[in-house]
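Okay, structure first, notes after.
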């Protein structure tokens with residue numbers, strides 16, 4: 001009971017709990033008048049770039065560490081692991097200065113580039129498990145059939161690692177979709193707000209329009225939920241496989 | 001060293017290595033083998049290069065720069081001019097002699113993390129145990145709900161918790177007022193440090209328990225059923241079975257989950273920043289991360305903000321070393 005209260009209450013039940021009778025007015029206001037569609041489009045663009053960029057880079061890197069033995073391999077792995085622990089609070093100041101120097105403040109591209117870097121370590125770590133799980137015999141068989149390494153990568157490794165790629169994309173997507181500090185710091189122009197930052201607009205200093213806040217929160221959560229539900233099977237398989245190691 | 005990849009024919013079209021194409025696949029036995037080996041050495045690095053370049057420029061370089069900033073008196077004029085003002089360890093001296101660090105920011109960070117981690121791991125484990133006893137359709141349904149809690153952005157989750165405890169309109173106030181626990185004036189949960197962090201802890205636990213639940217569930221599925229059956233035959237109760245069968249087997253899983261949660265809960269930001277007073281209005285409720293941010297961007301003293309950030313990073317690094325050790329203890333990377 002507690003589970004459903006905690007997990008369902010805030011996301012879907014929020015509107016039902018509101019004392020006033022619920023209409024779709026809040027949603028209409030949020031989407032049509034408050035410019036939330038713009039934030040949604042911005043977030044989708046940034047998250048899409050992040051998923052694509054981190055997916056490709058992480059896949060290549062994961063294959064390298066999983067299918068090859070080379071010097072410094074362990075060092076690379078440990079570095080990837082440690083980088084993941086660096087708090088965003090420590091990076092936000094230098095990243096702000098760096099992005100500003102590159103004239104990429106207020107740019108969705110600049111934000112996406114940073115998100116790709118943020119999503120990469122976890123993606124590499126996760127995909128590594130999938131790439132390592134492909135039996136060596138499968139790879140050998142491909143070579144015996146005369147496959148080049150590139151062919152083998154495309155037609156043998158890639159399909160087998162695909163479920164892992166699905167799980168990784170979900171996490172990269174969520175990283176970009178939910179991220180708050182950097183989006184808050186980089187985007188001064190309200191046209192470039194992502195949903196996480198745009199939501200703040202409804203949260204007033206003295207009075208808060210809770211109807212709008214909740215409607216907007218629901219709108220924000222929906223895409224992630226849909227994405228999650230679409231890939232749920234692959235995701236849970238990926239999670240459990242990654243977790244047990 | 002018996003690696004199937006040495007048997008691979010040379011001169012692949014996608015070959016990024018320096019293997020000479022002219023060598024051909026079936027000509028002299030000597031050159032192709034040599035080139036294949038060269039390529040085998042360079043291929044992994046070629047694959048790694050893009051990812052490493054991105055990590056180096058956007059994560060490692062900023063990390064170095066924050067350390068460099070922390071030994072400067074870097075204010076708004078420096079931001080504009082780009083000139084640096086080296087002052088050695090003054091920022092750290094200021095920071096470490098500041099009573100605020102020891103009485104407010106550090107306790108807010110560490111005590112909160114401790115409570116939140118304990119709550120997350122305990123609740124997540126309970127949910128995992130529950131999931132483990134459910135039949136497949138029910139399990140999938142509950143798992144779906146849990147994943148939604150996980151996927152919900154921290155920002156909207158935080159707003160929901162703020163609303164629940166809202167001074168004027170929150171459901172908690174209505175309930176408390178109905179039973180006569182608070183007067184008509186209501187009660188401001190956010191004004192007081194411990195109440196503020198209790199709400200933050202609820203929020204973080206709600207957001208973080210799914211990860212623990214899913215991970216522990218994955219571990220539970222690997223526990224051989226015979227062990228539990230044997231314990232049951234010996235007359236062990238549910239708690240005893242959990243304590244003496246499950247916990248020892250899942251020790252590594254618990255270790256990883258605890259350390260990861262600790263790292264995450266140490267650097268909680270949006271959940272504090274967005275709550276009333278959390279962005280600097282109420283100095284009693286800032287944690288290290290928010291303090292660093294407020295120092296840098298609201299007070300325009302980037303040097304001191306950086307010093308706070310470096311301090312937080314060092315603390316996390318210490319925890320991370322423990323994490324890496326735990327991981328490396330179970331073979332696998334070698």
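Every residue number used here counts from 1 along the chain in the order it is shown.
Yeah, the Cβs are placed from backbone N, Cα and C, and that goes for glycine too.
As the structure is a computational prediction, the values presented were derived from the model and not from experiment.
Annotation comment: TrEMBL describes B:1-24 as compositional bias 'Low complexity'.
What TrEMBL lists as domain 'ABC transmembrane type-1' is B:106-323.
Feature annotation from TrEMBL assigns region 'Disordered' to B:1-34.
Sequence annotations record features per position, and here TrEMBL assigns transmembrane segment to B:42-64 (among others).
The annotation transmembrane segment is assigned in TrEMBL to B:110-131 (among others).
According to TrEMBL, the transmembrane segment annotation covers B:143-164 (among others).
If one looks beyond the transmembrane segment (B:195-223) by at least 6 residues along the same chain, the residues whose Cβ comes under 8 Å of a Cβ in the stretch are 108, 111-112, 115-116, 119-121, 123-125, 127-129, 131-132, 143, 146-147, 149-150, 152, 154, 157-158, 161-162, 165, 189, 245-246, 249-250, 253-254, 256-257, 260-261, 264-265, 268, 271-272, 275, 277-278, 282, 284-285. The transmembrane segment annotation in TrEMBL covers B:195-223 (among others).
Residues or ranges marked as transmembrane segment in TrEMBL: B:244-264 (among others). Tertiary proximity for the transmembrane segment (B:244-264) is limited to same-chain residues at least six positions away from its ends with a CB under 8 Å from its CB atoms, namely 113, 116-117, 120-121, 124-125, 208, 211-212, 215-216, 218-220, 222-223, 227-228, 231, 236, 316, 319-320, 322-323, 326-327, 329-330.
Panel annotation: around the transmembrane segment (B:302-324), residues 63, 66-67, 69-75, 78-79, 85, 87, 91-92, 94-95, 105, 109, 256, 259-260, 262-263, 266-267, 288-289, 291-296 of the same chain, lying at least six beyond its termini, place a Cβ under 8 Å from a Cβ of the stretch. The transmembrane segment annotation in TrEMBL covers B:302-324 (among others).
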